[in-house]
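Pulled the feature table from Swiss-Prot, pasting it below:
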BINDING   Gly176, Asp177, Arg178, Gln179, Thr180, Gly181, Lys182, Thr183  ATP binding site
SITE      Ser369  site 'Required for activity'
Amino acid sequence: MSAPADTLKSALDRTFASLRHGLETYTAQLTPHEVGTITRVSTGIAMVSGLPGVGFEELVSFSGNVFGIAFNVDETEIGVVLLGDYGHLHAGDPVRRTGRVMDVAVGEGLLGRVIDPLGRPLDSLGPVVSSARLALERPAAPIMDRAPVTVPLQTGLKVVDALIPIGRGQRELILGDRQTGKTAIAVDTILNQRGQDVLCVYCAIGQRAAAVARTIAVLREKGAMEYTVVVVTEGNDPPGLAYIAPYAATSIAEHFMEMGRDVLVVYDDLTQHARAYRELSLLLRRPPGREAFPGDIFYIHSRLLERATHLRPERGGGSLTALPIIETEAQNMSAYIPTNLISITDGQIYLSPSLFELGVLPAVDVSKSVSRVGGKAQRAAYRAVTGDLKLAYAQFEELETFARFGARLDENTQKIIEHGRRIRACLQQPESAPVSMAGQITVLLALTAAFFDGVPLARMTAAEQAVLQAAATLPAELQTRFDTAMKLSEADRATLIQLARDALKPFVPPPAESRRTSAP
C-alpha cells in the first residue's frame, strides 16, 4: 500500500477512535421532567394524571406559578391540594413534578413580618430575607431529646399565672364559644413576652381580614412585632393554604427552638384548620367519619402539637410552647374536635359565655380549666400564695349557686361568698394590660390575707390599682427574687403585706360604713 493510503488510514483510525471516546464519555445535558395533565379542577383541588413517579405530599407545579401538594396517590391519577389562585387552571393543562416537598423560609429576617404559609410577604415591607428553609412536615423531637417543663411562661394574666400556670414547652388549649375572648388571652400572652427573651409566632387560620388586621395593629402598637412572626390565611383563601398554615408556623418556630431560643406559637384557631381538612378530604372522596371529619383528623393535630417541647441542654435547651385555640358550640366541650385536642394537650383554659355576659374578663371558668404540667414550673413565690386561693375560690363558686336562690345564709357562709366575690374582682383585668410578676404576687398575697374583704365591690378596681402601683416601687433585688426558685422569706412576705395594707387603707371604710355598703 502506498504511503498516502497509509496516512489516510491512520488519520481515519484516529478520527473514529476520537468519536468512540467522545460517545463513551458523553453526558447528556438534558434534564428529564415528568409532566402530567389536569383531568379535573374543583374547589381547592385538582385531579391529575400522567405522573406515575410522584410521591406522597410532593410539591407539583402548575402554570401561572401555582403549586400544589400531592395528597391522594392512586394508580391512575393523583389528587392535588392547590395552594394558590386556581381560577385560570383547566382540564388538559400541564402539571410538572418538582421532586421536593413543601418548605418555608425561616430565620431572624421573619421577625416583625406578616407572611402567608408559603413565605410570601403580606405587609408591603419588601421581600422576606431568610437564612434557611425548612420542610413543613418534620418529625417531632425524640423522647430522649426532651426535658421536663421547669420554667414558667408568664402570661401577664393573674387568673392564668396564679391558678392555671403554663410552662415553657407546654401545650395549653384555649377553648370557648364565639366572642368570649380566646384571641385576647393569646395576644395578651404575646404582649407579656416583651423583655422575657421569648420569640412568638402568631398563626391566623381562616380568619376574617378585619379581625387579623386588628390583632396586628395591637401587636404593632405595643411593640410586640419586634419579636413576633405573623402567619396569615384569610377566610377567602384556598382551603389548602389554611391546612398548611399551622405546619408552616411550627417550622418557623422550630428553627428558633433548635437555636436554643424559647418560642411561643399561637394557633388561632384549629377549628378552622379541622374544617379546611374536612373540606379537602370530602372533595378528594376520602371516607368520612364522625361529624364528617376523616378518620385521621386526630393524627393531623397530634403530629402538629407533638412538635411542641422543651429540649435537653445537649440539644440546645430551647423550647416551643403551643397555645392552640378551639371554638366550641353552645358550650359543648364534648364535641369531636374539642375532646381530641383536650386529650392531646397538657391542659385547657375554658372561657365561659356566662361569665363573659356578667362582665367577668377574662371569662376563665377555673373549675373547668386545668394545667397538668405547668404547676411544676410555677415559681415558689406563686405557690406560697395560690394554694389557699384555689380552695377559697372553689368554695365560693359552689356556694354562689345556693345564694342565687335567696336562701338564708349563716355568717360564715356569707363571709366565704364576700371573699370569693373579691377574688373574682381581683382576677379580672382589661385587655392588653399584662401585670408584672411582682404586682401579681402582691395582689394575690393581699387577697389571701383577706385585706380586700373590707373594700366595697364598687371600689375594687381602684383598690387593686393602688396595690399594683405600690408594688412597682419595690426594690429591684426583691422583684428579681420573685423570678427564682426561692420561696418567699418571712421578711419579704412581711414587706409585701405591709405594702398592701398601706395601699388599701384609703379604700377600707370605717366598720359602720362597711356594714352599710357591703354587697348582699
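Residue numbering: from 1, along the chain as shown.
Backbone N, Cα and C atoms are what each Cβ position is placed from, and that goes for glycine too.
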Counting other Cβ atoms within 10 Å of each Cβ, which of the binding-site residues Gln179, Thr180 scores lowest?
Gln179
Cα-Cα separation of Gly176 (ATP binding site) and Ser369 (site 'Required for activity'), in Å?
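Spelling it out, the Cα of Gly176 (ATP binding site) and the Cα of Ser369 (site 'Required for activity') are 11 Å apart.
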Cβ within 8 Å of the ATP site's Cβ centroid: which residues qualify beyond Gly176, Asp177, Arg178, Gln179, Thr180, Gly181, Lys182, Thr183?
Glu327, Leu351, Pro353, Phe356, Ala363
Sequence gap of 6 or more, Cβ distance under 8 Å: name the residues on the same chain that satisfy this around Lys182 (ATP binding site), in order along the sequence.
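Non-local contacts for Lys182 (ATP binding site): Ile174, Leu175, Gly176, Asp268, Asp269, Ile325, Glu327, Leu351.
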Would you identify which of the binding-site residues Gly176, Gly181 has the most other C-beta atoms lying within 10 angstroms of its C-beta?
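Of the binding-site residues Gly176, Gly181, the most buried by Cβ count within 10 Å is Gly176.
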If you measure Arg178 (ATP binding site) to Ser369 (site 'Required for activity') at Cα, how many Å is it?
18
Taking the Cβ of Thr183 (ATP binding site) as the centre, count every other Cβ atom within 10 Å, in any protein chain shown.
23
Cα-Cα, whole number of Å: Thr183 (ATP binding site) versus Ser369 (site 'Required for activity')?
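Rounded to the nearest whole number, the Cα-Cα distance is 17 Å.
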I need the CA-to-CA distance for Asp177 (ATP binding site) versus Ser369 (site 'Required for activity'), whole Å please.
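Cα to Cα, Asp177 (ATP binding site) and Ser369 (site 'Required for activity') are separated by 15 Å.
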Quick check on the recorded positions: of Asp177, Arg178, Ser369, whose CB has the lowest count of neighbouring CB atoms inside 10 Å?
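Lowest Cβ count within 10 Å among the recorded positions (Asp177, Arg178, Ser369) is Arg178.
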Whole-number Å distance between the CA of Gly181 (ATP binding site) and the CA of Ser369 (site 'Required for activity')?
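Answer for this pair: 15 Å between alpha carbons.
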